[in-house]
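Straight from TrEMBL, the features:
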type	residues	note
TRANSMEM	27-49	transmembrane segment
DOMAIN	43-287	domain 'G-protein coupled receptors family 1 profile'
TRANSMEM	61-80	transmembrane segment
TRANSMEM	100-122	transmembrane segment
TRANSMEM	142-160	transmembrane segment
TRANSMEM	207-225	transmembrane segment
TRANSMEM	237-258	transmembrane segment
TRANSMEM	270-289	transmembrane segment
Amino acid sequence: MENLEGNYTRVNEFLLAALSPSWQSQAALFVVFLLVYTATLAGNTLIMLTVTSDPRLSTPMYFLLGNLSFLDLCYSTVTAPKMLMDFLVEKRSISFDACMAQLFFLHFVGAAEMFLLTIMAYDRYVAICKPLHYPNIMNRQLCSWLVAASWTGGFIHSTVQTILTMRLPFCGPNQVDNFFCDVPPVIKLACTDTYVIELLMVSNSGLISSSCFVILVTSYATILVRIRSPEGRRKALNVCASHLTVVTLFFGPCIFIYARPFSTFSVDKLVSVLYNIITPMLNPLIYTLRNKDVKSAMRKLRSRETISGGKVDM
């Protein structure tokens, strides 16, 4: 413990919760989540390589998709490696500074992904509803600025969340009711009334997640309403289906966790596993299984690697 001003002492470390009480189930979960994390790294890296290596995919849509894969990779890496190590040890501890760092990067990347998904919805709206003006509106320079803006927005949001959390006094208990450091379970451990802080954080995180979700749903609904023909609407729905699936998997859990007062439910840890570990793995599958261009580019990339790997030096 470190002495703070007044009668408080600050905890030096937090103890993280276990996903399972028995050693046997912990070992089994280690294997499962190691496979999931490996698939996340491989899938998102493959998407990025495919998008950057194929000239046919040098469009705003695939530029944004490549950035989404990078964010998914980062998002999973914030929590997965530490969680995997904790499966193999009895004491699942994390230092105070490391906990704050994990909390910061979690909200940094998570908020950036929310903004990026909103940008991707706008990209699809312009492409489908204003196809003649699409090349002029969604040019590469604008896309780069929009991606930079999403990162900047995530940084600002995360900085606010982290500063509000770090300023609270933590004098015990130090058991976080989750497998990683996040705002809701951490501030519950503060040795002071956190009602006002919770309102500020719910207003911050809840407003971002809810407003982005409303914009996304409105954008896709507008696309379907503006297209009159059944055939055109079917094609538009097919194009937007992958986006809607990703939006539902990502925003649903986030709104459940952050857009309500920070009361604890037993299902919170399972929801956290879904949007931190499972969703980043599913996103590459969702986009590639429904996208003929990406699948074709992946086959081309694999053929190119096979040919180069099969060459024999003379």
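A Cβ is built for glycine as well, from the same backbone N, Cα and C atoms used for every other residue.
It should be emphasised that the depicted structure is a prediction, and the values quoted were computed from it without experimental measurement.
The transmembrane segment (27-49) is not in contact with the transmembrane segment (237-258), judged by fewer than 3 CB-CB distances under 8 Å for residue pairs 6 or more apart in sequence. The recorded stretches the transmembrane segment (142-160) and the transmembrane segment (270-289) do not share 3+ CB pairs below 8 A when only pairs 6 or more apart in sequence are counted, and are therefore not in contact. Among 61-80, 237-258, 270-289, 61-80 has the largest number of CB pairs under 8 A with the transmembrane segment (100-122). If one looks beyond the transmembrane segment (61-80) by at least 6 residues along the same chain, the residues whose Cβ comes under 8 Å of a Cβ in the stretch are 33, 36-37, 40-41, 43-45, 47-48, 51-52, 102, 105-106, 109-110, 112-113, 116-117, 119-120, 123-124, 127, 140, 143, 147, 179-180, 276-277, 279-281, 283-284, 287, 293-294.
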